[in-house]
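Peer 1: For reference, TrEMBL lists these features for the protein:
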type    : residues       : note
BINDING : Arg77, Glu139  : substrate binding site
BINDING : Glu139, Asp166 : Mg(2+) binding site
DOMAIN  : 16-234         : domain 'HpcH/HpaI aldolase/citrate lyase'
Amino acid sequence: MALMNHSSYSRPRLNRSSLIVPLSNRKFIEKAHLRGADSITLDLEDGVASNAKADARAALADAIPMVSRGGAWIKVRVNRRLDLLVEDLRAAVIGGVACIGIAKTDSAGHVRLVAELIGELERERGLPIGAIRLAASIETPQALQRAHEIATADMRLMSIGLGSLDLAAACGFEAVPETLLYPKQMVFYAAKAAGLECGGFIGSIADYTDLDGLREVIRESKKFGFRGGGAIHPNQVKVLNEEYGPSREQIDNARTIIDLAEAAFAEGKGAFAYKGKMVDKPVIDAARETLTLAATIAEHEAKVQQLLINEH
Ligand code: COA
Ligand code: MG
């Protein structure tokens, strides 16, 4: 079997915000492409009531071209219960789906089972083998203890994250930044050690009307290394994009650092001072990353503008 290797996977590049859209809600689907999210998570799991799962699956294929009209890439969140999972994957392993989100990931075995089912469906349907990536959500204390084995379970994984509300419910704590810091960091380091992205932020997305609170939480989370998160409401998308994208000041600083670095290197110096602080390789690398991200965002935003103009 010709499985694609790690470097040949197409890694979706922008991941500041993912709008979670329950597939049972036609009204949400119709306008989801106008909300500015980098990706759309089409939900078959807890956003969809048990008696609506079949209809939600049936709505998936048509929803994909609709929600991607504004340039967002697509993730589908599938159920933990195995009978539902198999049906969900039958619906979700189709063209246009970039990633499957595994809800309530239990273990490395759970990830590999999903990967195996996806592989079989890709083969059966003539889709490129290995093209669909995985994002695993850790939502129980048991899975949290297995974060490292989950993160290294399969080459399809692109990110892992912690499901704040579900972990809080399973453990009986309140989903607030101070209680979430430790489990979020456990998942963060498991992700980093495996070379994966870590989804989410050190807070919960449930309080969707408190946008100032969300902004504060994301600013804090960014300091800890978090780089993108989910939104349950369109108003949260703007805050995620603004805060996880580099600010004007960060872009200007990064440009200056790169200019100063070139001058310093020309003199054989690896380190120099900028605004009273020492700058050397890791800071220069971070400045390059900031500029790359800013360029990717600018390119994406121009593409989105064009797509939306063409639509009208
Ligand atoms: N995706 C797409 N559109 C959404 C949306 C979502 N998740 N949530 C709200 N919208 C739309 C509404 O349709 C409305 O559109 P309109 O103004 O163009 O008519 C607009 O955004 C404003 O919505 P609002 O009236 O403020 O919210 P609501 O009362 O309709 O819904 C929630 C509030 C929390 C019930 C709703 O946002 C929701 O169901 N979110 C998803 C929850 C979920 O998936 N949970 C499980 C995963 S963690
Ligand atoms: Mg949940």
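First residue shown is number 1, and so on along the chain.
Backbone N, Cα and C atoms are what each Cβ position is placed from, and that goes for glycine too.
A TrEMBL annotation is a machine prediction, not a hand-curated record.
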Peer 1: Can you tell me how many other Cβ atoms are located within 10 Å of the Cβ belonging to Asp166 (Mg(2+) binding site)?
Peer 2: 18
Peer 1: Taking the Cα atoms as reference points, how far is Arg77 (substrate binding site) from Asp166 (Mg(2+) binding site) in Å?
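Peer 2: Cα of Arg77 (substrate binding site) to Cα of Asp166 (Mg(2+) binding site) measures 15 Å after rounding.
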Peer 1: Reported as an integer number of Å, what is the Cα distance between Asp166 (Mg(2+) binding site) and Glu139 (substrate binding site)?
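Peer 2: Given the Cα positions, Asp166 (Mg(2+) binding site) is 5 Å from Glu139 (substrate binding site).
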Peer 1: Return one of helix, strand or coil for Arg77 (substrate binding site), based on DSSP.
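Peer 2: Where Arg77 (substrate binding site) sits, the three-state DSSP reduction gives strand.
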Peer 1: Does Glu139 (substrate binding site) have same-chain partners at least 6 apart in sequence with Cβ under 8 Å from its own Cβ, and which are they?
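Peer 2: Listed in sequence order: Ala103, Lys104, Thr105, Leu162, Gly163, Asp166, Leu167, Ala170.
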Peer 1: Run through the Cβ atoms and count how many others sit within 10 Å of the one on Arg77 (substrate binding site).
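Peer 2: Excluding its own Cβ, Arg77 (substrate binding site) sees 27 Cβ atoms within 10 Å.
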Peer 1: Mean pLDDT for the domain 'HpcH/HpaI aldolase/citrate lyase' (16-234), rounded to an integer?
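Peer 2: Taking every residue in the domain 'HpcH/HpaI aldolase/citrate lyase' (16-234) and averaging pLDDT yields 97.
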Peer 1: I want to verify one value. Collapsing DSSP to three states, which class is Asp166 (Mg(2+) binding site)?
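Peer 2: Asp166 (Mg(2+) binding site) sits in a helix per DSSP.
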